[in-house]
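Features of the protein shown, as given by TrEMBL:
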- 18-36: transmembrane segment (TRANSMEM)
- 43-66: transmembrane segment (TRANSMEM)
- 72-92: transmembrane segment (TRANSMEM)
- 113-132: transmembrane segment (TRANSMEM)
- 147-166: transmembrane segment (TRANSMEM)
- 187-208: transmembrane segment (TRANSMEM)
- 228-249: transmembrane segment (TRANSMEM)
- 308-326: transmembrane segment (TRANSMEM)
Amino acid sequence: DPMDFEWSYWIEWGRERILWLLAGHLLVSQVSRLLVEKYKPWCFMAYGMAACWLLLGIKGFAVILLHAAISFAVAQFQLSLLTWLCSLILLSTLRIPAVEEAKRKWYDTENEYYLLLFTVSVRCLFCTSFSLEYCWHGPAQKSSRSFLWMLAYVFYYPTFHNGPLMNFDEFSKQMRRQEAFNLKTNLSILIVGIIRIFFWWCLAELMIHLMYIHALYSSASPLEAVSYWALGGLALAQVLFFYVKYLVLYGIPALLLQMDGLKPPALPCCVSLMYSFTKMWRSPITFLICHFTYRYIYVPMGGSQSSLLGTLFSTALTFAFVSYWHGGQSYLWYWGALNWLGVIVENGVKRILSISLIQDLI
């Protein structure tokens, strides 16, 4: 069943080049940690830039560098609103038809253009994270928030194409921390990690080859023909595959982060263990985007600490950004609205049930 575009796309790129480039990063990482621990951020930066140039060409490399330079320049004003405006404008340039056509002409195949598109979308989040942290912490820590550190963050290769996201403060603190290098320990972490990822990959391939969940939901006629129980089963199978898929897609970068001496973001937990809509949006199952929106949108806008209307607004703004970042198509706005409604209803019911009179009745 080749209908899951994301899995087919990344597996194809992985086999062709990305896995080899990640292996190259691993080699650079271990050598730099062994010989020049103090300079490992710059070794990683140089390797990430070279890998970007190799895969995306000089024009793709220039686009990412330009985005980083513009974001850094705007961050110097130390105004969060201006930083957000800059980030949204840069993100919107990915959806201008004339710009899309011009970028397509840079490459021989559609897959190469999509790699640039996905990479730049994720890099926009990294640039925004750096710029907002710069705005919040001010010029007192300029040495740790220089343009060179921004490039080290933006071009860090294990998270380059598809995430996961680490906010800049976590990245810089961990990267500056110097630890004793133990080759034997690292080797055991690598072997165990490879075995686990290989198991998840085999499980994902087994689901793809036997269950045909994506082929079934890509056509309306089989969905109309089956019972509601079968529809529920198909929906569950779809989200379970989504979970296993991201164990692989984020398991590989997480393993490399460990090998680099960093603490990776938590991998997703099984969706079958999720019973709370709110908990799902606070858990690693939402991977790349939820921690970003929570730290940079939901909390700054007041979140659950503000009034009822403030909470509604900050939650709506969070889901609006998620929908826009994913592409902004109409079905994504419906999806965002339904997610927002689910969180609001669940929290509303929770507040009602917390009233002492209701608890006494229960």
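Backbone N, Cα and C define each Cβ position, glycine as well.
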Contact set, same chain, for the transmembrane segment (187-208): CB under 8 Å, 6 or more residues outside the stretch: 1, 4, 7, 26, 214, 237, 240-241, 244-245, 247-248, 251-252, 255, 258-259
Intrachain residues whose Cβ lies under 8 Å of the transmembrane segment (147-166), provided they are six or more past its termini: 10, 13, 18, 21-22, 25, 41-42, 44-45, 47-49, 51-52, 64, 68-69, 71-72, 115, 118-119, 122-123, 125-127, 129-130, 172, 175, 249-250, 252-254, 256-257, 260, 262, 264-265, 287-289, 291-292
For the transmembrane segment (18-36), sequence-distant contacts whose Cβ falls under 8 Å of one of its Cβ atoms, 6 or more beyond its ends: 10, 43-44, 47-48, 51, 54-55, 157-158, 161, 181, 183, 186, 190, 252-253, 256, 259-261
Distal contacts, the transmembrane segment (43-66) - CB-CB under 8 A, six or more residues away: 17-18, 21, 24-25, 28-29, 32, 36, 103, 106-107, 112, 115-116, 119-120, 123, 148, 151-152, 154-157, 160, 260
Other parts of the chain folded back onto the transmembrane segment (113-132), taken as Cβ under 8 Å at six or more residues beyond its ends: 9, 13, 52, 55-56, 60, 63-64, 67-68, 71-72, 74-75, 80, 83-84, 86-87, 90-91, 94, 103-104, 106-107, 145, 149-150, 153-154, 159-163, 165, 167-168, 288-289, 292, 296, 325
